[in-house]
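The feature domain 'TRAM' is assigned by Swiss-Prot to 8-66, with sequence analysis given as support. Here Swiss-Prot flags Cys79, Cys85, Cys88, Cys167 as [4Fe-4S] cluster binding site. The S-adenosyl-L-methionine binding site feature in Swiss-Prot is assigned to Gln276, Phe305, Asn310, Glu326, Asp353, Asp374; the stated evidence is sequence analysis. Taken from Swiss-Prot, the feature active site, nucleophile applies to Cys400, supported by sequence analysis.
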Amino acid sequence: MGHRGKRKPLPAEPIAAHIESFAHDGKGIAHVDGRVVFVDGALPGEDVTFVYTEIKRDYAAGRVVEIVTASPDRVPARCRHFALCGGCSLQYLSEDAQIALKEDLLLDQFRRIGKVEPAAQFPPLRGPHWGYRSRARLGARYVAKKGRELVGFREHASAKIVDMTDCPVLHPALGERIQAFAELIEGLSLRERLPQIEAAVGEERTALVFRVLEDPTAEDFARLARFGKDQGLDVYIQREGRDSVAPVYPETAHDLSYSLPEWEVTFRFGPLDFTQVNMAINRQMIDQVMQALDPQPEERVLDLFCGLGNFTLPLARRAGHVTGVEGGAEAVARAIRNAADNGIGNVEFHVADLSKPESCGSWAGREYHKVLLDPSRSGALEILQCVPNWKAGRIVYVSCNPSTLARDAGILVHEYGYRLLKAGVMDMFPHTAHVESIAVFER
């Protein structure tokens, strides 16, 4: 019988290495014994010792044991939970160096994947590095060995929940209440049947949706309602899918909201609706998109992956007509209500699966002066086949994944004759390697 499936034990002794550069996820890259090693916790230019966490034929992974020679960009991590928590990965890197890393990653992806280069770069959009995150999914677990409830993010590469008391990157309405959330759940009968909390902060209200795997008791409901009242929070429970979300306190559900005063728009949204997590950057991002697209009163604009209208409604304040398209019917219904609430009539919205252009409606065959794309991480590959129909002179692409942006940029440039005029990063997620970016194409 063979020994297939048996793994050699990883070397236990720390190994010396010089860190040469960054990987796309913010890990340091070194070469040891002819193999690329991705070292978690290491910065370019540093001499470190590390231990292996994984060894494959072509590459390996490891984590830092000791920083022998530190980078001048290294700073002390502010959060006491940083070493364990998977919510952040770059707190030990200075703020300026984080921005530079993201700019380098974006340009590298353009060159390697899209074989394109922007003619110019936008200055990076920057905002608060702490207390910025207004939406989060927090894990919850009662740990019998500890005799208490844990609430927070997962540990690095683990399903375990970090034993945390606070979180400095979360909005204070959430980050300063982590311990209070844990104490609340600890007192519920279903504490072992409550795996997560969806939390969302609006300008006037903060909402918590407790995911429960069994129905709460009358005493549980009373505790949840009392907590909501005492803390000034909207409290919901979710037994199954989104349709099962029900208010506990207040007894009637209330929308959350955020406003864009410059564009005279206020958005209302539910606690499970998708919104950008960083409202300061969101406002700057909208301003930058408006400047880049420069919609005119006589122009028709197409806004794809429009969500609840985050870009659509500001665009409609300047353009002649805006068509918004989104895959989720609930988001489109919300966008229609937001347009009506803001007295905006020069818009239309459609529900369409943008990964299946053949099923899209008549809007996909129309001509538009300008187009905005804001897809998910998978990018806009499929819908790009409709680009010739639109005959747009300018396309602005907002991306949360530089690799799919680079792929799609290559298509726009090499297949459809656009020029990549300008690109830049937006620091939507400080202290992480997540890169939010914008690119402007013209022909």
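The backbone N, Cα and C atoms fix where each Cβ goes, and this holds for glycine too.
Shown on the structure are the features that Swiss-Prot records.
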residue: Cys79; record: [4Fe-4S] cluster binding site; Cβ neighbours (10 Å): 19
residue: Cys85; record: [4Fe-4S] cluster binding site; Cβ neighbours (10 Å): 23
residue: Cys88; record: [4Fe-4S] cluster binding site; Cβ neighbours (10 Å): 22
residue: Cys167; record: [4Fe-4S] cluster binding site; Cβ neighbours (10 Å): 27
residue: Gln276; record: S-adenosyl-L-methionine binding site; Cβ neighbours (10 Å): 20
residue: Phe305; record: S-adenosyl-L-methionine binding site; Cβ neighbours (10 Å): 20
residue: Asn310; record: S-adenosyl-L-methionine binding site; Cβ neighbours (10 Å): 26
residue: Glu326; record: S-adenosyl-L-methionine binding site; Cβ neighbours (10 Å): 26
residue: Asp353; record: S-adenosyl-L-methionine binding site; Cβ neighbours (10 Å): 14
residue: Asp374; record: S-adenosyl-L-methionine binding site; Cβ neighbours (10 Å): 21
Based on DSSP, tally up the residues of the domain 'TRAM' (8-66) by helix, strand and coil.
0 helix, 34 strand, 25 coil
What Cα-Cα separation, expressed in whole Å, is found between Cys88 ([4Fe-4S] cluster binding site) and Asp374 (S-adenosyl-L-methionine binding site)?
24
Rounded Cα-Cα span from the residue listed as 'active site, nucleophile' to Gln276 (S-adenosyl-L-methionine binding site), Å:
11
Determine the Cβ neighbour count for Cys400 (active site, nucleophile): the number of other Cβ atoms within 10 Å of its Cβ.
19
What does the structure give for the C-alpha distance between Asp374 (S-adenosyl-L-methionine binding site) and Cys400 (active site, nucleophile)? Integer Å is fine.
8
Additional residues surrounding [4Fe-4S] cluster, by Cβ distance to the Cys79, Cys85, Cys88, Cys167 centre under 8 Å:
His81, Phe82, Gly87, Gln91, Phe153, Val162, Met164, Pro168, Val169, His431
What does DSSP call Glu326 (S-adenosyl-L-methionine binding site) in the simple three-state scheme?
strand
Could you find out if DSSP has Phe305 (S-adenosyl-L-methionine binding site) as helix, strand or coil?
coil
Any idea what the Cα distance is from Cys79 ([4Fe-4S] cluster binding site) over to Cys400 (active site, nucleophile), rounded to a whole Å?
25
So, three-state DSSP: helix, strand or coil for Cys85 ([4Fe-4S] cluster binding site)?
strand
Please compute the mean pLDDT of the model over the domain 'TRAM' (8-66).
95
Measure from the Cα of Cys167 ([4Fe-4S] cluster binding site) to the Cα of every one of the recorded positions Phe305, Asn310, Glu326, Asp353, Cys400, then give the nearest.
Cys400
